[in-house]
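Asker: Below you will find the structure I want to go over with you.
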């Protein structure tokens, strides 16, 4: 079994577990990002308050809205990403060794090369899995109709604040697929792909930071006669790497969520986005810079925890798989 396949499967497994543990936070964060309160008069709910409100008004199950396609998307995304990451990484390492033989470089993959490797893998992943995340975003932001919400809204702003989906229950995966297709055709499944492609810099930064810190840690251990990195150390390295990447690219994530969520159908043009640039300009004009950082504290907690768990489990799965393969080969 190739290293690329081992890393792909391990990444998928780690991603699923991380997703299960942090999904309620992800749902709350997506809802926070897609709030369209232009006047900003209301006090914003904290993460725990928002979560309790969802449970009280809509039930526990809404915290896990879109979980099934999300798990499929996580497995696909992590599998595709890690597979192509390892493929491109192997080529980069081979190129570095070839350059060393010619007297150029020390044979190691530099920071810039690591960034390119992660960017290429991320771009392939985005183009292949974007339709899944459009569906997940729709399901996370869909809200159950209450008796008060079934009446006609008093104003466009109240409709926008609620972001109430008009489809009847149940609102499952196939309902969502039909809604997206009816609204924008096949291209609707690639809404938000431009900011998402730009956001490739997030995992690129994440893996660049992670690989750099991991390499330095291993070198320090090698000087002491050991090359082992503990699960806790991997957890902490993953958390630090994700924190740096998330803070840098968060505004693009908000734009992506706005584009992928169900568009407000009122006559208020301020809340209807024609594309990425239109969304950015309207958010700047009507919400200010604040609009680009809605729910950021929730996202930091969710993404850092998920990334730390993912890295820890992925590395342990890779170690276990290689150990099993080596034992099978020796026997």
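Glycine is treated like the rest: Cβ placed from N, Cα and C.
Grabbed the feature section from Swiss-Prot, which reads as follows:
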type	residues	note
REPEAT	2-91	repeat 'Solcar 1'
REPEAT	109-216	repeat 'Solcar 2'
REPEAT	229-320	repeat 'Solcar 3'
TRANSMEM	5-25	transmembrane segment
TRANSMEM	63-85	transmembrane segment
TRANSMEM	116-136	transmembrane segment
TRANSMEM	180-200	transmembrane segment
TRANSMEM	235-255	transmembrane segment
TRANSMEM	293-313	transmembrane segment
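Any idea what these are sitting next to in the structure?
Answerer: Per-residue pLDDT, averaged over the repeat 'Solcar 1' (2-91), rounds to 83.
Residues in the repeat 'Solcar 3' (229-320) partition by DSSP class (helix H, G, I; strand E, B; coil) as 75 helix, 0 strand, 17 coil.
For the transmembrane segment (5-25), the list of distant contacts is 47, 51, 63-64, 67, 70-71, 74-83, 85-86, 298, 301-302, 305-307, 309-315, 317-318, 321-322: same-chain residues at least six beyond its ends, Cβ to Cβ under 8 Å.
Beyond the ends of the transmembrane segment (180-200), by six or more residues, the same chain brings 118-119, 122-123, 126-127, 130-131, 133-135, 137-138, 249, 252-253, 255-257, 259-260, 262-263, 275-276 to within a C-beta distance below 8 angstroms of the stretch.
Among residues of the same chain six or more beyond the transmembrane segment (235-255), those with a C-beta under 8 A of the stretch's C-beta atoms are 33, 192, 195-196, 198-199, 201-207, 209-210, 213-214, 217, 276, 279-280, 283, 291-296, 299-300, 303-312.
Residues 10-11, 13-15, 17-19, 21-22, 25-26, 28-33, 35, 47, 50, 78, 206, 210, 231-232, 234-239, 241-243, 246-247, 250-251, 253-254 of the same chain lie 6 or more positions beyond the ends of the transmembrane segment (293-313) yet place their CB under 8 Å from a CB of it.
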Asker: May I have the DSSP-based helix, strand and coil counts for the residues of the repeat 'Solcar 1' (2-91)?
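Answerer: Grouping H, G, I as helix and E, B as strand yields 73 helix, 0 strand, 17 coil.
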Asker: Excluding the flanking five residues on each side, which residues at least 6 beyond the ends of the transmembrane segment (116-136) place their CB within less than 8 Å of a CB in that stretch?
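Answerer: Contacts of the transmembrane segment (116-136) (Cβ under 8 Å, skipping residues fewer than 6 from its ends): 66, 69-70, 72-73, 76-77, 80-82, 84-85, 87-89, 92, 109, 173, 176-177, 180, 188-193, 196-197, 200-201, 203-208, 260.
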